Amino acid sequence: MTPSTIQTASPFRLASAGEISEVQGILRTAGLLGPEKRIAYLGVLDPARGAGSEAEDRRFRVFIHDVSGARPQEVTVSVTNGTVISAVELDTAATGELPVLEEEFEVVEQLLATDERWLKALAARNLDVSKVRVAPLSAGVFEYAEERGRRILRGLAFVQDFPEDSAWAHPVDGLVAYVDVVSKEVTRVIDTGVFPVPAEHGNYTDPELTGPLRTTQKPISITQPEGPSFTVTGGNHIEWEKWSLDVGFDVREGVVLHNIAFRDGDRLRPIINRASIAEMVVPYGDPSPIRSWQNYFDTGEYLVGQYANSLELGCDCLGDITYLSPVISDAFGNPREIRNGICMHEEDWGILAKHSDLWSGINYTRRNRRMVISFFTTIGNYDYGFYWYLYLDGTIEFEAKATGVVFTSAFPEGGSDNISQLAPGLGAPFHQHIFSARLDMAIDGFTNRVEEEDVVRQTMGPGNERGNAFSRKRTVLTRESEAVREADARTGRTWIISNPESKNRLNEPVGYKLHAHNQPTLLADPGSSIARRAAFATKDLWVTRYADDERYPTGDFVNQHSGGAGLPSYIAQDRDIDGQDIVVWHTFGLTHFPRVEDWPIMPVDTVGFKLRPEGFFDRSPVLDVPANPSQSGSHCHG
């Protein structure tokens, strides 16, 4: 395990505790922080395009909520100069609300514990109020005119029989409450009738469920006697097997990768300027009036980085691990370290290349390895792993790992078209997990374009008498209006991001190819609220011209925003994207019909995408990878 010390050389360094304290002090001095104020977001602003570190102005962006009901503010602070650069009041009825605060979770449960309508509904179900837990959930935007401009959370109830009990096993169905967390008012309680509360417990560490633990697993020991092959300098700058990058962390997006480049001979060649998972939404497919509003933007409404786990060696990460411990702000502007929040290691990844040639007699084998940069976050019932992989051959991959406990409901006696049955009387509504990767591309610089590639079956006839021929079709996407695209597994559709001004030795533009997983996009009706609010999730690919203030696919303020912000507003400008400074936004996700095997705790399910070199190099970039020593002491074929 290698410790990392955060230094202050790079403009892409992680935020330090000292800097966050400085921001807090600047805000207090300016009268922007006080007893009624809460920080809903605080993050480092990326340096402006082309800005050098010698002229750096270290700036932070801050969203400030007022619990008394005064208008929130978006503030920009310069730590370098010790000043507030701007402070803008927000009309939340138009802009949307700031992200959900953790203290508001408690507000919902406390208010409902004394609400007569809520207590009456619990009494009708013969439930002990002291055992009822409430999941406070982002509200979305629906037909309730009275909610406009109000900060609303909705609450669903679960029974927790004892402190260690998994309350998700005991949903209280037919009941939901709407709460204004600013005015401290329960605005609605909807009770559609009593459903039996599932009684069977879901305590996944209880011997009653686990049975005798396995004794068949032998130890797997991963060691690197000489240490890992990567180096960490300046606190977060990584060099590994010709790769160079800066690892950042944002309380909203989690891990952010900056300045991803590959050393090709004596050139350090840029590939991606900034890569992040800029949004994730979990839309549910149950039309019941109790749950038809369930659509959570885990990134924009809850902030995935805020709930990042402290990772443990041998549990979350295995091998020779280097950790980074990012520092974020709490709601009062105090620095909070997420100890070992980012895990970095390299791992063997099977065969890289192999051939046994009958003519030359050469037997060739090279082993692959990859660099892994990851973090895990817990958002309510679900846990998500965000894993970035770099490979020896220049491939970049992202993988999301979904696990945790599925969100539960009662299972209707007559069955359901929208809910799976997990256990007697226990259901789990169908849902999706949809992510948006924001890829600020820089293939050999910022002059880039995107081509869509499809396989084409050639018709049998003259020139193709045996009907065996197939080809490919490439279409250049020239404007933003043309670059809102759908994946197509039938044609093997991919997208090539290239630099028309940089050529390989065959005089072809250098590029990278984006390979999608070809899972369904948003399944909600196009006229639905969630289709307006999560427009990014309706298409697999969006390409926009780069702009400093276009950071998120759903816009800056997602919570209770009615829709239209983010990508729809960006592409409305219909800018030229052919040979320009562009951003590629890739939508990918899981469609989850929960299985009985997903209960009481869900084994990991995965989804992601790959970027592979497409003419970026002049030949295979792994010819210089040496053969591994074999177990017998000699070297593998080669």
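Every residue, even glycine, has its Cβ placed from backbone N, Cα and C.
In Swiss-Prot, the cysteine linked to Cys317 by a disulfide bond, out of Cys315, Cys343, is Cys343. Binding site for Cu cation per Swiss-Prot: His431, His433, plus His592 from the candidate set His237, His258, His592. Among the candidates Tyr144, Tyr307, Tyr382, Tyr570, the residue that Swiss-Prot annotates as 2',4',5'-topaquinone is Tyr382. For the recorded positions Cys317, Cys343, Ile379, counting C-beta atoms within 10 A of each C-beta gives the highest total at Cys343. Nearest Cα neighbour of Gly305 (substrate binding site) among the listed recorded positions (Asp298, Cys317, Cys343, His431, His592): Asp298.
Between Ile379 (substrate binding site) and Asp298 (active site, proton acceptor), the C-alpha separation comes to 7 Å. Annotation for Tyr302 (substrate binding site): spatial neighbours Pro99, Val100, Ser138, Tyr296, Ile379, Gly380, criterion Cβ-Cβ under 8 Å with sequence separation of six or more.
Excluding His431, His433, His592 themselves, the residues of that chain whose CB lies within 8 A of the CB mean position for the Cu cation site are, in sequence, Val282, Tyr284, Ala402, Phe430, Gln432, Gly589, Leu590, Thr591. For His431 (Cu cation binding site), the same-chain residues that are 6 or more apart in sequence and have a Cβ closer than 8 Å to its Cβ are Val282, Pro283, Tyr284, Gly285, Gln294, Phe407, His592.
Cα-Cα distance from Asp298 (active site, proton acceptor) to His433 (Cu cation binding site): 10 Å (rounded to the nearest whole number).
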